[in-house]
Amino acid sequence: MDTKIGSLDIVPASNGNLGCPPKASSAVACVQTSSVPFNSGDATLGRHLARRLVQIGVSDVFSVPGDFNLTLLDHLIAEPGLNLVGCCNELNAGYAADGYARSRGVGACVVTFTVGGLSVLNAIAGAYSENLPVICIVGGPNSNDYGTNRILHHTIGVPDFSQELRCFQTVTCFQAVVNNLEDAHELIDTAISTALKESKPVYISIGCNLSAIPHPTFSREPVPFFLSPKLSNRMGLEAAVEAAAEFLNKAVKPVMVGGPKLRVANACQAFVELADASGYALAVSPAGKGLVPEHHPHFIGTYWGAVSTAFCAEIVESADAYIFAGPIFNDYSSVGYSLLLKKEKALIVQPDRVVIGNGPTYGCITMKDFLQALAKRVKKNTTAYENYHRIYVPDGHPLKCAPKEPLRVNVLFEHIQKLLSHDTAVIAETGDSWFNCQKLKLPQGCGYEFQMQYGSIGWSVGATLGYAQAATDKRVIACIGDGSFQVTAQDVSTMLRCGQNSIIFLINNGGYTIEVEIHDGPYNVIKNWNYTAFVDAIHNGEGKCWTTKVFYEEDLIEAIETATGAKKDCLCFIEVMAHKDDTSKELLEWGSRVSAANSRPPNPQ
């Protein structure tokens, strides 16, 4: 995205570039030094923090009030460029900041001490796993209480205020505890700049009695950040490119696969440049979907081992050389460790290093620099794509539903496919929506997000809220299972308060279907809700909302026509009734393989 960190006039565009980090992370604009009168309401710690958030491109902060953060919230509200979005709970506030960061490049949430902090912790851990810069701000204890041996409310009842901090240390890349004004400026700036540089969440605790106090360090506009760009070691880069070019140019049918770390490496465009120059068949890993343009002429689909899109795995696994750019190989992405890949054929490009086959590792090399330099050295080789083109058979279509035949999920997603355009974005919840949404063909400019590494059910409700709040030029289409929805359903309320017009497809199949296919049991069956009535109750006549329940294809067609026509300005909630065993074939295959991996017996001692 086109954010220029370093200038005070940063207003990042929600351009659907899927949250790729700023292109110019070291730009420095004219240093604003306009004075704010000392002792004025603008020279306080709270207003300084608010101005910093606006400066880096945050215009919406997701919050839940608590007595330790109330004064801080007053000062955030007072900042003209900042909008406070009150959420129903801290978990959703964190998920919303996650979704916001995916679109805008950075997100922020504000909660209260310990009861709020530990509630938001799970969402922050998810953002950490997905390499998202989220500023997690906590209203902390009164500065006078530190070191007094007092027991405070909202704690676990011991005179130790570090419990929350210790929990956040493992899921954030920097932690700042602000309990005095003298170093508050430095701590806040270091935390925010570290989040931007590392593309990871940070934790900032602000003493509840400090937010409203003026201090000389806050009496001027913030000096713009200077973020030193990560630089490649030139000799190392040349050596890596030379070795990689030799490795690839002797291959007969090389391919390339884009992974999720393309985002954090700001290398999406560089990856495409290499694809253009090389002519290689181009695929994505499941978590890389949306980071690589699917309208590219050599795009062949999602490589996900045994559950890849049609004909993609055959081309990738039969290649004699493959470039993986920014991959994450875990048990889910490897389908229970069953990928048919060989290390000696792989060129692995991570954000800061390159590994070529069984050979050496080249460190201190940025992915962007490496891919751009390699594009100038590789020979054109379209063999793998030509092989794909020979064996490719166009997608079939699901059997036509008979009148009043219960709606099938594959028919549902055929109609969702027709909804997609450059001004939409897809949010796919953990579950069978992973597999059904992977098969969607994304038009140019269509956003796509899901949380594969962390895989926390319920993530999509908050993420839909946050993404829609950031990407005002897109209509979000969220695909959510009933089990996941029950975890975080409350913040449909916040979507209505914000006037959002997302379309939510609630797939009601009576349980945790993804868990059923891994290991079934009575615990996977949930209490059924009347979901449309639930959302109607949340709506309560305030805001624009339209709900419907569909049983048949003809119902679905009518619902989509209404959602995109008469109710296009409304939040549209479409509850889709599906059979409990109506799953994608990919989930059936994936579930059995993950189950086998999970149930491996202990190694002999």
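Cβ coordinates are placed from backbone N, Cα and C, and glycine is handled just like the others.
Note that the coordinates shown come from a computational prediction; the quantities given were computed from them, not determined experimentally.
In the structure as shown, the Cβ atom of G511 (Mg(2+) binding site) sits within 10 Å of 20 other Cβ atoms. Taken from TrEMBL, the feature Mg(2+) binding site applies to D482, N509, G511.
Taken from TrEMBL, the feature domain 'Thiamine pyrophosphate enzyme N-terminal TPP-binding' covers 44-149. Averaged over the domain 'Thiamine pyrophosphate enzyme N-terminal TPP-binding' (44-149), the predicted model reaches a pLDDT of 95.
Among the features that TrEMBL reports, domain 'Thiamine pyrophosphate enzyme central' is placed at 241-359.
Annotated domain 'Thiamine pyrophosphate enzyme TPP-binding' per TrEMBL: 451-576, in sequence order.
Of all Cβ atoms in the protein chains displayed, 24 besides its own lie within 10 Å of the Cβ of D482 (Mg(2+) binding site).
Neighbours of the Mg(2+) site: apart from D482, N509, G511, residues of the same chain with C-beta atoms within 8 angstroms of the site's C-beta centroid are G481, G483, I507, N508, G510, Y512, T513, I526, N528, A578, K580. The Cβ of N509 (Mg(2+) binding site) has 22 other Cβ atoms within 10 Å, all protein chains considered. Remark: secondary structure over the domain 'Thiamine pyrophosphate enzyme N-terminal TPP-binding' (44-149) totals 50 helix, 22 strand, 34 coil, with classes taken from DSSP.
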